[in-house]
């Protein structure tokens, strides 16, 4: 009797699980792009900011400065 009930439960679970898996046939846009989600990872920019040129962290100057006291050619 127990084996029959267990077999029926397994069959019933398999019949119910098939339609649940076949409902979604496409991916959501939020799954594809991580930056579109509510909590974007570091490195994501707000919409429209990717076209702008990034600002440099520090300005590069070639050669020596007064403070380093290095020889000049």
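For all residues, glycine too, the Cβ spot is worked out from N, Cα and C.
What Swiss-Prot says about this protein:
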| type | residues | note |
| --- | --- | --- |
| SIGNAL | 1-17 | signal peptide |
| DISULFID | 35-44 | disulfide bond |
| DISULFID | 64-70 | disulfide bond |
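Residues of the same chain that sit 6 or more residues outside the signal peptide (1-17) yet have a Cβ under 8 Å from a Cβ within it are not found.
Cα of residue 70 (disulfide bond) to Cα of residue 35 (disulfide bond): a distance of 46 Å. Residue 64 (disulfide bond) is 42 Å away from residue 35 (disulfide bond) when you measure Cα to Cα. Residue pair residue 64 (disulfide bond) / residue 44 (disulfide bond) shows a Cα separation of 36 Å. The Cβ neighbour count for residue 64 (disulfide bond), using a 10 Å radius and every protein chain shown, is 12. When each of the disulfide-bonded residues 35, 44, 70 is scored by how many other Cβ atoms sit within 10 Å of its Cβ, 70 comes out lowest.
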